[in-house]
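Here is the structure we will look at, set down as structure tokens.
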Amino acid sequence: MHESQLTTSAAKPSRLGWFDDVLLLGIMAVLAGCGLIYEYLLSHYAGRILGALEAAIYTMIGLMIVSMGLGAFAARKIKDAFTGFVVLELTVALCGSLAILITAAVIGFGQQLPMLIASTLGLPPDQLPEGGMIGTLQKLSEYLPYFWGVLLGLMIGMEIPLIARVRQSLSDEHLLHNAGTIYGADYIGAGIGAAIWVGFMLAIDIQLAAALTASFNLLAGFVFIWRFWQKIQRPKLLLAAHLVVTGVLLLLAIQGPSWEQQFNNLLYKDKVVYAKATRFQQLTFTERLRGNGLSPVYALYINGRLQFSSSDEHIYHAFLVHPTLAASARHNKVLIIGGGDGLGLKQVLRWEPEQVTLLDLDAALVQLFKSPDPDMPERLSQALLSLNGNAFNDPRVTVIHDDAFNGVDKLIAKGDKYDAIIVDLPDPSHPDLNKLYSDYFYRKLKELISNDGALTVQSTSPYHAQKAFISVAKTLALAGFDVKQYHHNVPSFGEWGWSIATLDGKDAQHRLAQLTKLPIADDWLTLGLVKGAFEFPANFYQDATNIKPNELGSLQLYHYHQQAWSETQGLDLF
């Protein structure tokens, strides 16, 4: 009887223990979150480099998903699932932590190469070698994030098949729903990873985020070595390799952000003196020193795109603000949407309004121009406060931090009315920005503007993005406004344009034409410049009938803008 019981017990297949099962599924969930964060990290960085964030995101995610599928097939070639998984996570950790830094170094060197060659050969600054092989190398370097995306995608795609094989090998009986169980953990982990990205990692340095993410891949390798030591080939060697990479990750977490910033600084013409990652965007300030007692030139870049230069920002903001207020019957109550640097606000305050409301999403950006970061160089902080005339500390100013699309609804609900509205938003280079140029948004603003007031929208370049420029006017008209457009040269941007809209009475151009002088004196702007700004080439609007307004959900303006950007920059993602 006793012998029979032993025989029965020996014949019974061993089952996967609950501890190992929970451990493996937990590892799978964590790695899924890491994989999604790598997608976001690389696509976000690629968008900053290429200047086409939305296209970069879709391209990166598409490439990584396809690569993950190929990686799942390639996992068949790995004979030892235990050892293969440990080596895989070690490699993912190393590549994931170094991808951003190496990309920044290569692109930075590519941008500096023409200047290095010119300096070596004694060429003048206006004859930098930028064509031929140098131009090709620079272009190829911009696609390096996609190389990392494909490589990491291949390796991430191997994780699920290997975990599935490990689970099965730990049980003598066939595991029902093995794939479904693992995919369930994978999906949940990916969702958690997305939440971590949005809630935490967007606000920290991108290189630090990469190092932190890679540390979880490395931790998965450590756990496997500890738990399955007897099943792994050369565990001591792999443990030593993990310890070495741990040191690399610590170094990258501490020094990586400053190294990455130094490489990124090579992308700018002038010296980078301050950089900050807010929850919504990357802010970079540059400084160009000038001799002969002239003050330095400061510039702000958001996600790599120039927002203003202190050498000519007054031209842009004078044309944005003064025609608007001059065309308004009153200017006691003014609304500014965007304009978180306070430069337009400074010009508005010159009209002695009773109240100004500024609606901007990024509180961290506004804070830098109100009470600069202690880590910011003193000369820069003083320059910023001087540029905007310390406008944010004026008691007449109310700042609301909210998404403009929803924020204006709250103003409408309160029954607010404004004598003038100035919309100073970034170009519609992203679908989220596109809706702020839609007919629906302009109809909201129609509820806020006084019948005899004026509304002005910065409308991108009429030269580089003609269709987008005209589409803004047609969208305002669709919303019920009487629209005129004007333009002027801003040296840092080239030819730039604005759309000015009214509701009742004469249009803004006629109102301004009746003036004999500007109500306020300006060092740059004259009434003659304002009136002349409404003149366009004879054939400028000849194809306007074929240009569509930007209805909500159509993304029409976004596509016009992206097309113009691609043609101007020679950008082709495929």
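Cβ coordinates come from backbone N, Cα and C, glycine included.
Binding of S-methyl-5'-thioadenosine is annotated in Swiss-Prot for Gln281, Asp403, Ala404; the matching candidate from Asp205, Asp341, Asp360, Asp452 at the same site is Asp360. Long-range C-beta contacts of Asp360 (S-methyl-5'-thioadenosine binding site), restricted to its own chain and to partners at least six residues apart, with a cutoff below 8 Å, comprise Ile337, Gly338, Gly339, Gly340, Val366, Val399, Ile400, His401, Ala404.
Each residue in Phe280, Gly338, Gly340, Leu359, Leu361, Asp362, His401, Asp402, Leu425 lies on the same chain as Gln281, Asp360, Asp403, Ala404 and has a C-beta within 8 Å of the C-beta centroid of that S-methyl-5'-thioadenosine site, without being one of the site residues. Other Cβ atoms within 10 Å of the Cβ of Asp424 (active site, proton acceptor), summed over all protein chains shown, number 23.
Sequence-distant residue pairs (6 or more apart) of the transmembrane segment (237-257) and the transmembrane segment (22-42) include fewer than 3 whose Cβ atoms are under 8 Å, leaving the two stretches without contact. Listed in sequence order, Leu361 are the same-chain residues at least 6 apart in sequence whose CB falls under 8 Å from the CB of Asp403 (S-methyl-5'-thioadenosine binding site). On the 0 to 100 pLDDT scale, the region 'Spermidine synthase' (254-510) averages 92 in the predicted structure.
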